[in-house]
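Participant: Before I ask anything, here is the structure I am working with.
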Amino acid sequence: MDTAVNESLSISYNLEQFLIVLSVSLSIATLSKTVPILRKIPYTLLLVIVGMALAFVDVKLINLSPELIMEIFLPPLLFEAAWNLQWRNLKENWFPITLFATLGVVICVVGIAFPLSYWGGMELAIAFLAAAALSATDPVSVIALFKELGASKKLNTLMEGESLFNDGVAVVVFLILVGIPLGTSTFDLSVTLARFVTVIGIGVGCGLVIGFSLSLLTQRFDLPFVEQSLTLVSAYGAYILAENLGGSGVIGVVVVGMVLGNYGSRIGMNPRTRLIVSIFWEFVAFFVNSIIFLLIGDQIGLSSLSDHLNLILIAIAAVVVTRLVSVFGLSLISNKVSDQISSTHITLQEQTVLWWGGLRGSVAIAVALSVPQAIAERQAIIDIVFGVVLFTLLVQGLTTQFVLKGLDLIGDQPQRLEYAELVSRQIALRRVLAELEKTDEFPDINPERLRYKQELVQGQLQSVTDKLKLLLQEYPLLQEVANKKFDQTVLDIEAETYADLIRMGRLEENIMPLLVTLEGENVAEPS
């Protein structure tokens, strides 16, 4: 009886805490859009600042644990990013992303560990654990800023693609290294590489199996909310399955998200369902980020950080320098061989943004919190990671916008938005006018009033059309945007038709080669 009562009280308390966190987060979201001075601060960074203010006055919300971050918060965030990462963009930038997510992690781990050991006096094995945690990037606020300011698609893909795969690699490196200070394992290069490949391979395999299985399953029915629910199940399912099989859950989620976003959504979902699922995941990402960044700020204990201030300063300097070496050095290699294996050439301006925008966040914190209690220096590692995360979020995160503007990397996003709104308005007015011209459907309406409405809508349509012409004359590149949207629409119609035929049982073969061919033809067409 007492156990049941205690469990009931625990559930009630946790629910109250959750509602408090949610209320604070949504209040900040509202203020960030209504108070002019707050509009200049990225939403996620504002959450961290408010969380720190709560921690300063000793208001503790929910305690962050590695399980809460890695198993509850991280899968939906990874899936949403992977769902929206287009394969064609990833294919164009695969080589630099691969370099950043593999060799880049190695450079960061080595480049952070040795300064912490040499100048900070940490045991080298412990320093490597802190370095592994800090090698995981989490540029959520920077990517949101890219989208808001209209940075290039290439910059978005490089930053987000690196982050997705980098997180998985960093977590695997940490898991391999954590046994060394505990004395349960020793470092052997061949064994370590074999384990690394195995863990990554299991994650990729789980993601592929779940992704393609669900893609084929959703071809057989058209139930938007069921398909939406299946994507949620796939995100957590891929993580749990990969982890239970000894693989990387992070890599599993990334792979299943990419498969469903680029393949499953094309062959198994109609445009309406794709829109519903995309909006759902946009909401989930906003919801989770709202909670996690507030909690990150709330977990930062300034008094504890001051105890390890020298280590934090060394780590900050090492993170900034190793990120610089990693981005500029690997970009140089990528650019040298871009003509042979990759079409991407990363400019110095883009390299600068990639360097400065390599923030640390929730993944680094989750890894640090998962350091075993048996390691005496556990609190020092946690303080180092929290200190670096705080610096990257508040200093680099708040100044990235000025770096983008200073390097003239702000795109034509305002014009694109205006163009999209005008086109949408034009389509809507044309449909309204077409309905008004069906006079027999309005027998009870006075003909004069009907004619007046037709003339009014016709005038509005002409005004919108004129604005579109002027906008295209002033910004000719918008025509290229229109052409790409048209190509995508044609591809969607083709995919939807094949999916309908499969559901009817009239087609059973894999349609992906047909879609790739069609996409290639569209790309090759003259604009």
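Each Cβ is built from the backbone N, Cα and C atoms, and glycine gets one as well.
Below are the features I grabbed from Swiss-Prot:
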TRANSMEM  18-38  transmembrane segment
TRANSMEM  41-61  transmembrane segment
TRANSMEM  94-114  transmembrane segment
TRANSMEM  126-146  transmembrane segment
TRANSMEM  169-189  transmembrane segment
TRANSMEM  196-216  transmembrane segment
TRANSMEM  240-260  transmembrane segment
TRANSMEM  276-296  transmembrane segment
TRANSMEM  311-331  transmembrane segment
TRANSMEM  352-372  transmembrane segment
TRANSMEM  380-400  transmembrane segment
Participant: The transmembrane segment (380-400) vs the transmembrane segment (196-216): three or more C-beta pairs under 8 Å (separation of 6 or more)?
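Facilitator: Answer no, regions not in contact.
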Participant: Under 8 Å, at least three CB pairs between the transmembrane segment (169-189) and the transmembrane segment (94-114) (pairs 6 or more apart)?
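Facilitator: The transmembrane segment (94-114) and the transmembrane segment (169-189): touching, yes.
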Participant: Quick test of the contact rule: Cβ under 8 Å, at least six residues beyond the ends. What residues does that give for the transmembrane segment (240-260)?
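Facilitator: Distal contacts: 70-71, 74-75, 78-83, 85, 87, 90, 164-165, 167-168, 171-172, 198-208, 210-212, 214-215, 231, 234, 363.
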Participant: Under an 8 Å Cβ to Cβ limit, what residues of the same chain, 6 or more beyond the ends of the transmembrane segment (18-38), are close to it?
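Facilitator: 46-47, 50, 54, 61-62, 290-291, 294-295.
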Participant: Under 8 angstroms, Cβ to Cβ: which one of 41-61, 94-114, 126-146, 311-331, 352-372 has the largest number of such pairs with the transmembrane segment (276-296)?
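Facilitator: Highest pair count goes to 41-61.
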Participant: If you count every Cβ pair below 8 Å, which range out of 41-61, 94-114, 126-146, 196-216 shares the most with the transmembrane segment (352-372)?
Facilitator: 126-146
Participant: Quick one: find which recorded stretch in 94-114, 126-146, 196-216, 311-331 has the most Cβ pairs under 8 Å with the transmembrane segment (41-61).
Facilitator: 126-146
